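Taken from TrEMBL, the feature active site, proton donor applies to Glu206. Marked as active site, proton acceptor by TrEMBL: Lys338. According to TrEMBL, the (2R)-2-phosphoglycerate binding site annotation covers Gln164, Lys338, Arg367, Ser368, Lys389. The annotation Mg(2+) binding site is assigned in TrEMBL to Asp243, Glu286, Asp313. What TrEMBL lists as domain 'Enolase N-terminal' is 6-135. Marked as domain 'Enolase C-terminal TIM barrel' by TrEMBL: 140-426.
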Amino acid sequence: MTDARIAKLYGRRVWDSRGRPTVEVEAHLADGAVGRAIAPAGASTGQGEALDLRDGGSRFGGLDVHRAVSSVNTEIAPALKEQDAADQEFIDQLLVNLDGTSDRSRLGGNAIVATSMAVLHAAAASADKPLWLHLSGGRPVRIPLPEIQIFGGGAHADRRVDVQDFMVVCPAAGSFSEALDWTAEIYRAAGSLMRKAGKTGGVADEGGFWPAFDSNEEALETLTLAIENAGFAPSAQVGISLDIAASQFGSAGKYRLALDDSALDTGALIEMLGRWIETYPILSIEDPLGEDDPEGMIEFTRRYGDRCQVIGDDFLVTNAKRVQAAAADGAANAVLIKPNQAGTVTEALAALRAGQEAGFATIVSARSGESEDVTIAHLSVGWDAGQLKVGSFTRSERMAKWNEVLRIEEALGNSAEFSGWSAFTFAGPKASTDAS
Ligand code: 2PG
Ligand code: MG
């Protein structure tokens with residue numbers, strides 16, 4: 001007999017992939033089902049994000065989470081006791097009300113998102129279903145197209161290059177597992193090019209190469225060559241996906257590129273990115289302009305939104321209202337979905353559905369600070385997001401997610417439909433390559 005009432009819930013302090021403390025929550029239900037989840041943490045955060053509660057002071061750079069763990073144990077746990085874990089919306093609303101702030105700063109976004117996800121896992125366990133199936137409720141779902149980082153930069157690599165993420169997407173692969181195979185070859189090809197050129201600088205936050213390049217374009221050239229050297233056709237088979245994370249190097253329409261030693265206004269940044277789109281096999285660009293530059297986002301989307309995915313991350317902060325406004329303004333054509341940016345599972349789902357209703361592509365995403373938690377792998381399939389961004393193709397906090405999707409793909413068997421080109425909503429090159 002299932003009884004999904006919450007019997008016991010508690011938080012503990014664990015460590016993330018950057019060696020920083022974070023919050024883990026465990027939810028135990030009356031029927032014995034257990035769910036567990038760990039809060040991730042961003043480095044390049046948007047202004048409108050739910051805020052993590054950190055202890056401050058000098059210990060661990062002020063990043064300790066005893067206060068957030070205590071939020072779980074002293075306030076959240078008593079409030080959730082006996083509540084129905086199967087009613088995620090109710091649980092999440094209760095968490096939002098209990099916190100009482102608009103940015104989750106009282107109890108802590110980290111305490112709240114870990115609780116929300118732990119309850120979700122417990123409800124799936126109580127229903128005796130894998131999480132992705134619990135979420136899909138049996139509706140048809142696609143296996144997501146992976147966006148996989150090859151080079152890290154920006155805030156994740158001491159700004160060695162301005163652009164934060166140089167990723168590949170393999171929409172022409174026949175399956176998720178084949179997309180991983182292709183990426184592994186490209187990663188190897190990129191590594192060998194960099195070693196030959198003496199450009200390997202180390203490992204960036206999300207596990208990609210930390211490149212010693214002299215310009216952003218050197219990274220784009222190297223990545224294009226790596227795609228070719230691995231035996232794939234740039235654009236037609238494998239594309240480049242960039243996270244510009246422009247808020248990290250500009251605001252109020254003024255952008256300062258460290259590498260190119262130049263200051264650009266909105267128009268000049270759009271021109272530069274436009275040149276890159278003309279020259280390299282770029283299929284997707286995230287946060288091309290700063291989060292405070294909606295006019296720039298509108299202009300960029302107007303000019304390039306028919307040939308390239310334009311993702312709002314810091315710009316939309318997984319917020320349904322912002323997604324609706326951006327759709328009305330034509331300020332993006334895709335939205336990144338990060339549960340801890342929204343605050344709860346329910347709010348993240350609302351942003352994703354707002355995107356889908358507006359005809360946006362949707363990408364469930366990890367943070368730069370991660371752990372062995374694989375919740376987002378299940379969200380990306382169960383919510384039929386179409387795309388999943390997790391970071392690089394190394395290090396176990398990243399590989400844990402890719403490997404979990406492989407297991408889901410296997411469980412779906414013949415009915416596993418890989419999203420491939422259908423992940424994108426822009427017209428783009430897919431029209432010319434669908435037949436190939
Ligand atoms: C992003 C993410 C992941 P962070 O900007 O998309 O790459 O970075 O978690 O630091 O915000
Ligand atoms: Mg981003």
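For all residues, glycine too, the Cβ spot is worked out from N, Cα and C.
Keep in mind that TrEMBL annotations are predicted by a computer and have not been checked by a curator.
Small disclaimer: the values here were computed from a predicted structure and weren't measured.
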For Glu286 (Mg(2+) binding site), just give me the three-state DSSP call.
strand
List the recorded positions Glu206, Glu286, Asp313, Lys338, Ser368, Lys389 whose Cβ sits under 6 Å from any atom of ligand 2, in sequence order.
Glu286, Asp313
Quick check on the domain 'Enolase N-terminal' (6-135): DSSP residue counts for helix, strand, coil, in that order please.
54 helix, 26 strand, 50 coil
Listed in sequence order, the recorded positions within 10 angstroms (C-alpha to C-alpha) of Arg367 ((2R)-2-phosphoglycerate binding site) out of Glu206, Asp243, Glu286, Lys338 are Glu206, Lys338
Between the C-alpha atoms of Glu206 (active site, proton donor) and Ser368 ((2R)-2-phosphoglycerate binding site), the distance in angstrom, to the nearest integer, is 6
Cα distance (Å, whole number) from Asp313 (Mg(2+) binding site) to Lys389 ((2R)-2-phosphoglycerate binding site)
12
Name, in the order they occur in the sequence, the residues of the same chain whose CB lies under 8 A from the CB of Ser368 ((2R)-2-phosphoglycerate binding site) and which sit 6 or more residues away.
Arg18, Ala41, Gly42, Ala43, Ser44, Ala155, His156, Asp205, Glu206, Gly391
Rounded Cα distance in angstrom between Asp313 (Mg(2+) binding site) and the residue listed as 'active site, proton acceptor' is 9
For the recorded positions listed here, Lys338, Arg367, Lys389, which shows the highest count of neighbouring CB atoms within 10 A?
Lys389
List, in sequence order, the residues of the same chain other than Gln164, Lys338, Arg367, Ser368, Lys389 whose Cβ lies within 8 Å of the centroid of the Cβ atoms of the recorded (2R)-2-phosphoglycerate site.
Gly42, Ser44, Asp165, Glu206, Asp243, Asp313, Leu336, Ser365, Ala366, Gly391
CB contacts under 8 angstroms to Asp243 (Mg(2+) binding site), restricted to the same chain and 6+ apart in sequence, sorted by sequence, are Gly154, Val163, Gln164, Asp165, Met167, Glu286, Asp287, Ile311, Asp313
What are the other residues, in sequence order, whose C-beta lies within 8 angstroms of the center of the C-beta atoms of Asp243, Glu286, Asp313 at the Mg(2+) site?
Gln164, Asp165, Leu242, Ile244, Ala245, Ile285, Asp287, Ile311, Asp314, Leu336
Integer average pLDDT (0 to 100) for the domain 'Enolase N-terminal' (6-135)
97
Using a 10 Å radius around its CB, how many other CB atoms surround Gln164 ((2R)-2-phosphoglycerate binding site)?
31
Cβ contacts within 10 Å for Glu206 (active site, proton donor), all chains included, total 29
